Each structure stands twice: as structure tokens, then as C-alpha cells.
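Some features that Swiss-Prot has for this protein:
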type: DOMAIN; residues: 4-202; note: domain 'Glutamine amidotransferase type-1'
type: ACT_SITE; residues: CYS81; note: active site, nucleophile
type: ACT_SITE; residues: HIS176; note: active site
type: ACT_SITE; residues: GLU178; note: active site
type: DOMAIN; residues: 203-395; note: domain 'GMPS ATP-PPase'
type: BINDING; residues: SER230, GLY231, GLY232, VAL233, ASP234, SER235, SER236; note: ATP binding site
Amino acid sequence: MHDKILILDFGSQVTQLIARRVREAHVYCEIHPNDVSDAFVREFAPKAIILSGSHASTYEDHQLRAPQAVWDLGVPVLGICYGMQTMAVQLGGKVEWSDHREFGYAEMRAHGHTELLKDIEDFRTPEGHGMLKVWMSHGDKVTGLPPGFKLMASTPSCPIAGMADETRHYYAVQFHPEVTHTVKGRQMLERFVLQIAGCKPDWVMRDHIEEAVAKIREQVGDEEVILGLSGGVDSSVAAALIHRAIGDQLTCVFVDHGLLRQDEGKLVMEMFVGRLHAKVVHVDASEQFLGHLAGVTDPEQKRKIIGREFVEVFQAEARKLTNAKWLAQGTIYPDVVESGGTKTKKATTIKSHHNVGGLPETLGLKLLEPLRDLFKDEVRELGVELGLPPEMVYRHPFPGPGLGVRILGEVKRDYADLLRRADAIFIEELRKTIATEHDAAAGLCEPEQVGKSWYDLTSQAFAVFLPVKSVGVMGDGRTYDYVVALRAVQTTDFMTAHWAHLPYALLGRCSNRIINEVRGLNRVVYDVSGKPPATIEWE
């Protein structure tokens, strides 16, 4: 049985990052709403509890409180931002509204050599004080310590930026250790989880495979399972895991909507039929999808049409498999949290996935989601352990609607063909171009990244078709052809992203090859927008 951390979510946009940092320490954790019952907290039996941040005000909103069981269990508790404030209020301290709100980078002084912060510092002042570079995001602040607590940290704007009751192993910080902007944040969370809470770092994928396989066999028995295979990481890993558990009881349906990447259908069939010997039904529905997309320019309408048509095609194939009793999906933990699947009232539905919808209810099937407890990086690790090739497991993310949302405006087959070829050239050049010492000296990459491909050094890269024409010259003739934009970003969590500073020589090769090899395109531009203000995808 694994040690578990319970994360109570008060509505922060970055609660998932807390869970990711805990999982990176190889400790299992789950996110649940702050208003779970005392009985739930006791039955969960956590080794420790973490209270998240929130957009709410402790001073004004008396409803967002941690269950009493949090304080009765006798386990270590870490409060983060709002979590610190509710800890203070519930344990007899004082919180006040501040006329000096603090958002962004801050330098914080550690006090008292607490177990949480001892020997963790970014630099020292001339007076010898240990300082930390942290990320603040709060309006209210603690102005009075609860009984038994001592000061742990402070900033000029926030005299009580951290507090601790080391007898009860209660710690609280006003900053966000889970975000990358807090330089030593990961180290702090690891210390809380591994040393203060005493969790064993035994959450590893090899063990998880055995547990997941056993659970799938127990759930499914001798019944059959159908899975929509997209070629993306999540559905591919789910298919490989389920196939390992039940073999030919699984049938995969691969729908080609005409908006896939270059040779994607071929690669999927080679992998799952050729190497894993799985049963795969390949449906070419490109005419159906493209026909319904004709004349549609609104991005959200395009997504809805693609989602609707996918459901229709998948339903038609599923009904042919009369023995199927289960629908498998590659749902991962962020999907569960974002869709409110953790039953938290605080979670806002951010997106709906085009291949989920109401399929299980419509088809009368039971739902099998073997990846629903895993983050994306854990899914990739699982895929490698299952024997999937790294080039498939570590492919950049690809949207469910495919090229349909990378073609601005109306989707046409000719546009998709042009974009597919341009995108393939861009990805090929990224894969074969290796970062050099010159790149590191120019500040384009870190010294330790020298020798890696630029594909591996970017988090997501793709081409976008722009439905505008520009004048060009090729040979002795004038051209009037379409424009393609290249987009490459670097990010740790996809919540924020920087545009990738690719070498000019690499961009030049991409431009030359695209213009010379893809007839119909005569201009290539590079997107230098970060997120925010832009999103990663254009639509």
C-alpha cells in the first residue's frame, strides 16, 4: 500500500501543480475539494495534508474552511497561500485584508531554522540572512500567529509570510512553492513530503503497471472493450496498457478524419497491429468530416462539428461490436480535475474533449479509464515501460480536432495537404538539428542541453495555415500563394509558455525547404508570442 498525500483544493488555478510536484517526489497524492466530509478525510488515511491556494478571501468568505478532521488526525499539514490563511483562522490566529496586494516575484527572508526551510536559500544578504526567491499572489495576509506557532518567513510587504508549529508539524507559507518561479519550491515540497511526513518514495511506473493490469482484469473480467485510438500519447498508452491486461478482448477504432499529421495513420497501424498485434479497425471518414466542415470558419463551431462527427463514426463502428461492454478512454488526471471529475465544486470546466462527450451513456457501455490518476509526464513514463517507442511516447501534443484548428478559417482538403507537408518539414528539421555549444553561448539553450535535438528542447512545435496570399518571386516568375506560420514554445506545465528562441540557421532551412518543396506556399513567418497573452494553439 502506497503512502498518500491528500491535497484539499480551495479553487486555485495551480492546485494541479502541487500534485505534480508531489508525484515527482514519487509519492502518490490526490486532489479533492476542501469541503469533503470528516469521514472522507479519515477514510483516505493520508500521511499528510496540503491546503491549496484560492481566489477567495479568508477575511470575507467564511465558507471555505478545511474539515475539522484535518486538525484532528495528527498528521503534518502544509498550508499554501489561502491554505495558510485558513490554517491561521481555524487555529486561532488573525487574518486581515491588506491595502498592499502582493502579486509576483518577491525576496523572502527565512527565520528560525524550521525543519521545512532549514538550509534552503537562494542567496544571503550582507548581514548573513538567508533569502529565498518566491512567487506571491495574495491580497489578505496573516497578522496574528495562532497559539503554538512561530514566525518562519517574512517579506517587507508581508511580515508573516510563513509560520510553523513544529510540535504538531503544521507549516504554512504565503507564497506558492509549486510554481517554477519559486526557485527552491520543489525542494521545499519534497522536504515536507519525504522528511516531515515520512512518505516512502515508492510511486513508480513499473509497480503501477502491475497494479493497473490487475485492476483492469478484475473490472473487465471476460467482457470486451472498445477504445477510440487517436494516435496521441494518452489513447496510445491506454491501448497498450489495456492490451497487456486483456489482449484480444480489446478492439481499437482508429478514425481518420482527414486532419491528421503526415503518415499518422500508417504509424498507428504499424505500431498497434504490426508490433503489439492488437485488433484495430481503421475507418477513413475524411470525406464525411471535410464535407461537414465546408464553409465553416468559427473555431468553436469547427471543434463541435469534428466532435459530433467523431461520435457518429465511432458509434457506428461500436454497434458492430455487439459483445463490447466497456468503452475505454485515455482520460488523464488533468482532464478529471478540469472537467470537475474530482467532484469539486471549486473546479471550473475548462474544456471538453472532442472524443468524450456522452458516448458511454449513448452506447450503454461501462467506462474504463486506466490513466485517470496520472499526469502527462507519468503517462509518457508508463508508455516507455510498456515498450512503446520513445518517438511516439514523446511526441508533441496534438489537438483532438487535429489540423482543423491549425487551419485558420475554413478547412479544405487542399489546405490540409499543404499544412501537413509544411508541418512535417518543420518537425523533421527540429528532430535532426542538434543544439551546439555556439547555441548555448548565444543564450539559445542551457550548456547541459548541448547535444539534444531542438525537437526535444521544445515542448510543442507545429505549423499553422494562414488563409491569406502574398506576392513572391520564384525563378523569373511572380507567385501569389499562401502563407504558413511556424510556432514553437517551451513550457513546463503548458499553463504559461515562452516562444522558443530557435537558431536562425534552423529557421532559415525550414523556410527554404517549405517554400521549395511545398508548391502553393511562398512565405513562412515565425510566431514570437508568449502565453499569455497568446494561447499556444492559434484557434
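For all residues, glycine too, the Cβ spot is worked out from N, Cα and C.
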Output field, ATP shell: CB within 8 Å of site CB centroid, site SER230, GLY231, GLY232, VAL233, ASP234, SER235, SER236 dropped: LEU229, VAL237, ALA238, GLY330
Pairwise CA distance, SER236 (ATP binding site) versus GLU178 (active site), rounded so that it is a whole Å: 29
Distance from GLU178 (active site) back to SER235 (ATP binding site), taken between C-alpha atoms, in Å: 28
Mapped DSSP class for VAL233 (ATP binding site), helix or strand or coil: helix
Candidate active-site residues CYS81, HIS176, GLU178, pick with smallest Cα gap to SER230 (ATP binding site): GLU178
By Cα-Cα distance, the member of active-site residues CYS81, HIS176, GLU178 nearest VAL233 (ATP binding site): GLU178
For SER230 (ATP binding site), the number of other Cβ atoms found within 10 Å of its own Cβ: 24
Residues near GLY231 (ATP binding site) in space but at least six apart in sequence (CB under 8 A): PHE254, LEU260, ARG261, GLU264, GLY265, LEU267, VAL268, PHE398
